[in-house]
Amino acid sequence: MSSTPVRSPTLRPHRMKKDESFLGKLGGTLARKKKAREVTDLQEEGKNAINAPMSPALPDLHPEDTLLEENEERTMIDPNSKEEAKFKELIKVLIDWINDVLVEERIIVKQLEEDVYDGQVLQKLLEKLAGRKLNVAEVTQSEIGQKQKLQTVLEAVHDLLRPHGWAIKWNVDSIHGKNLVSILHLLVALAMHFRAPIRLPEHVSVQVVVVRKREGLLQTAQVTEELTTTTEMMMGRFERDAFDTLFDHAPDKLSVVKKSLITFVNKHLNKLNLEVTELETQFADGVYLVLLMGLLEDYFVPLHNFYLTPESFDQKVHNVSFAFELMQDGGLKKPKARPEDVVNLDLKSTLRVLYNLFTKYKNVE
């Protein structure tokens, strides 16, 4: 009785070569040696392949990110950038801020890309910040309806920001497409424009992978996208003053300026048996600023108007804001510094506030 012949395993390598040949035709340049995982990923991602073998390593792509029309472009954040501490802090600060603003709406944002793209959160956020109602549908399920809503919301945003020189780095398609870089640019601009009581991390940048389709081939490149600069620059205060020059070019003279201001404030605070030795910290809760204004203008500030022993960030911001109001009542212009910057121990902001007081009241006994 003859045995059934055993199928030779040597035929399988020939089958693999045939598959590789098919992939080479599909991807154009995929005939070059690539890692097996990359080939598998490309098979799963569909009918397009990465055709630029010299491109930098790409993050994991969604299938739709490889299905591009001719001359179309997609961007995505490099995964390594997403792990950087400043980037994570920026996202957390913005999410916490949105949730604080919308607490009465019972809206909770957990992930920016998924919760902001359809325009619902942006609508409520802008209405709350600007204090006006937008003429849009409350709930929209269809893509067309969502984009129409986004268009209305973003037009309202642009009307607010453009007169102040903000560069518009987002549009309906990028926000609705869940482009995190565009969403972050938009939220940072809103936070700065409405003077949000938050401290955004400065100098946050991310590496962005750009995928373009040219002559049927996908090309990739990496660019650095700047999300935040300094608080002053983002607030639009581009006019440099003496303190910018002092910090940048004459730091050795900084101690002289600080000593002069300490002498000035102690001349008045000593009347209440108070003394300042550190400008950076002792004005941060706003108490000394409020008391100083009362001494300079010769009136008693009712204790119920401010927190004598503030404990929270908000209480400190309230005190500094109240002191700013007293300064304006005394004929000074609104300080360039934000109350939040003073509370956050920003020395340059504190010096600006105190120098304005020194200029006006230096001859007051």
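Glycine is treated like the rest: Cβ placed from N, Cα and C.
Just so you know, TrEMBL annotations never went through curation; they're auto-generated.
Note that the structure is predicted; figures quoted are calculated from it, not measured.
According to TrEMBL, the feature region 'Disordered' maps to 1-23, 41-60. Per TrEMBL, domain 'Calponin-homology (CH)' is recorded for 88-195, 255-362.
With helix defined as DSSP H, G or I and strand as E or B, the domain 'Calponin-homology (CH)' (255-362) counts 73 helix, 0 strand, 35 coil. Taken together, the residues of the domain 'Calponin-homology (CH)' (88-195) have an average pLDDT of 89. For the domain 'Calponin-homology (CH)' (88-195), the DSSP counts in helix, strand and coil order read 74 helix, 0 strand, 34 coil.
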